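This report refers to the structure that appears directly beneath it.
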């Protein structure tokens with residue numbers, strides 16, 4: 001046990017040291033606030049000065065990041081004798097995200113231990129490697145070095161999920177509130193925490209039902225047949241219609257329900273989910289966002305999501321269920337045709353990678369979005385196949401939350417995929433050491449390339465003297 005603790009703290013120390021070296025380089029090259037920092041940094045500096053009644057209308061998130069930052073830097077001022085300007089400088093504010101990032105590494109490790117505690121093949125070394133691979137996930141790791149909400153938002157959401165897994169639901173609800181204060185859409189993952197409990201109750205009741213009926217062949221895995229799914233659906237309806245069962249679920253999930261109700265009240269009084277600039281954050285039914293997410297997930301988990309055997313299994317599945325896959329393809333083509341939305345930022349801002357993804361791939365020809373559909377189908381199948389160890393009820397909950405987190409977003413923004421990707425990756429079986437090393441190596445290469453482009457490949461817009469940089 002002592003050796004395990006030493007490995008964990010050694011990993012944390014190494015991670016923090018490497019991150020701090022990169023942080024120093026970032027700060028040296030980009031001293032002034034960049035991109036969304038031009039809104040975040042001045043706002044928290046107002047809070048540092050005690051001006052809590054002033055708000056920048058261009059900011060769209062709640063002030064969780066700023067309140068936590070003030071709560072950290074104010075004691076630092078008193079303990080170290082720093083001036084207010086130093087404590088609330090861009091460098092110090094960015095450093096807070098470095099702390100959140102290190103916290104994320106530890107939380108990911110603890111969640112992996114809890115989720116896979118019965119998996120004897122998931123050794124300590126594999127869990128630590130998996131935690132390192134996930135904490136260095138390129139889209140999340142990059143924003144460790146800028147004063148953005150991502151690191152803190154992820155920290156409190158993962159913390160809430162961990163407490164939920166351990167049964168501390170009051171604490172989980174409180175942490176979920178903190179997560180929502182960082183980013184409103186985190187309410188979806190608060191609902192997910194409640195859904196995990198509901199899925200557990202459904203699974204237990206379903207197994208009891210099977211025992212009574214002696215229908216041992218019927219399962220709740222994602223590989224269930226249509227007939228089995230019908231039986232499960234009927235069971236769910238009957239379960240929910242029982243007042244006793246509903247009362248039991250409410251008594252179990254009430255901390256999350258209270259937070260959800262409070263959030264709905266906030267939406268009513270606020271007139272929407274967005275706090276500030278609503279014109280650029282309008283909700284729509286952008287169903288292809290699901291396809292982009294599945295492709296994104298396949299790309300970043302390719303070291304363990306793609307193999308020769310998996311391709312063979314997919315082909316066999318196509319042969320076994322041709323009508324289902326043909327119908328799914330037809331539906332996907334229709335969704336791409338009727339529900340593809342393109343945000344103005346995606347077409348105008350050439351500092352972000354999605355701009356080039358859209359320009360170099362989707363805008364090459366008008367048929368390209370349709371040609372990509374078979375790839376989407378495989379990516380979606382691979383996604384579902386990787387979660388086959390989870391119950392059908394768990395997968396239904398996760399699917400609902402995934403749709404809620406992605407489909408309403410008009411803008412193709414990889415940052416929106418951070419939390420659903422992490423939850424997916426945490427819940428699949430822990431890969432082998434070889435595949436984890438490949439995953440960590442891939443993330444390291446992508447991070448190195450991203451840092452190089454950001455720091456060294458600067459450019460200028462016509463008629464502007466400001467330095468522009470490439471980023472996620």
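In case you wondered, yes, glycine gets a Cβ from its N, Cα and C as well.
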Range among 73-94, 95-116, 183-204 that TrEMBL annotates as transmembrane segment: 95-116
Per TrEMBL record, range annotated transmembrane segment [choices 224-244, 392-412]: 392-412
Stretch contact, the transmembrane segment (6-23) with the transmembrane segment (392-412), Cβ-Cβ under 8 Å, 3+ pairs: no
Per Cβ pairs under 8 Å, the stretch of 155-180, 283-303, 392-412 packing most closely against the transmembrane segment (367-386): 283-303
In contact by Cβ distance (the transmembrane segment (433-455), the transmembrane segment (155-180); 3 or more pairs under 8 Å): no
The transmembrane segment (433-455) in contact with the transmembrane segment (283-303), cutoff 8 A, at least 3 CB pairs, sep 6+: yes
